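*Asks:* Pasting the feature list from Swiss-Prot:
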- 10-15, 78-80, 113-118, His133: FMN binding site (BINDING)
- Tyr12: NAD(+) binding site (BINDING)
- Trp98: substrate binding site (BINDING)
- 4-189: domain 'Flavodoxin-like' (DOMAIN)
Amino acid sequence: MTKVLVLYYSMYGHIETMARAVAEGASKVDGAEVVVKRVPETMPPQLFEKAGGKTQTAPVATPQELADYDAIIFGTPTRFGNMSGQMRTFLDQTGGLWASGALYGKLASVFSSTGTGGGQEQTITSTWTTLAHHGMVIVPIGYAAQELFDVSQVRGGTPYGATTIAGGDGSRQPSQEELSIARYQGEYVAGLAVKLNG
């Protein structure tokens, strides 16, 4: 069985919703075992609550377990064009995996969210840098998801990976089109992983 991990950080629930859609898409692939986990929260609980953070139910991952998966699909909100501090802190703990080459050749893909759309592509491509140092095979989604051609409404989604636009106050939830792109990303990456493990 090919093991696929959807690993995310979500403060307000947008990336959590996208992660579920990515996992739903990946689960369509025969031969793929899909696991959804989150990275640990680094904010003090009182500050997280005061900021309106949403309680997450997914189990917390450890950096060492990344070596157990054939493909990892990372989800992170944008922080000034980069991954969130929580995801950065988690990945900064993977030095031992890097030293041993434990992630070399594993598939990696990234999805993201932004407040207003600024930085969504940059967040994905800047995350790729860390994954490339691990020797992971980076999987963009291209334009195969037909929703990427729809310009009739505001929406996220890029050839680099699925995205959602949360709005400046976070009130906008992922649209059906954005979730469809996320499902496509999960199915596409899981399908490639199964073929490579074939």
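Note that Cβ sites are derived from N, Cα and C of the backbone, with glycine treated the same way.
These numbers come from a predicted model, not from an experiment.
Buried or exposed, and what's around them? Tell me for each listed feature.
*Replies:* When secondary structure is read from DSSP and collapsed to three states, Gly118 (FMN binding site) falls in the coil class. All protein chains shown were included, and the count of other CB atoms within 10 Å of the CB of Gly118 (FMN binding site) stands at 13.
In the three-state DSSP assignment, the secondary structure recorded for Tyr12 (FMN binding site) is coil. Sequence-distant contacts (6 or more apart, same chain, Cβ under 8 Å) of Tyr12 (FMN binding site) comprise Gly52, Gly53, Lys54, Ala166, Gly170.
For Trp98 (substrate binding site), the same-chain residues lying six or more positions away in sequence with a CB closer than 8 A to its CB are His133, His134.
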*Asks:* Kindly state the mean pLDDT of the domain 'Flavodoxin-like' (4-189) in the predicted structure.
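*Replies:* The predicted confidence over the domain 'Flavodoxin-like' (4-189), as a mean pLDDT, is 95.
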*Asks:* By the count of other Cβ atoms within 10 Å, pick out the sparsest of the binding-site residues Ser10, Thr78, Thr114, Thr116.
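*Replies:* Candidates: the binding-site residues Ser10, Thr78, Thr114, Thr116. Fewest Cβ atoms within 10 Å: Thr116.
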*Asks:* Tell me, how many other CB atoms lie within 10 A of the CB of His14 (FMN binding site), whichever protein chain they belong to?
*Replies:* 27
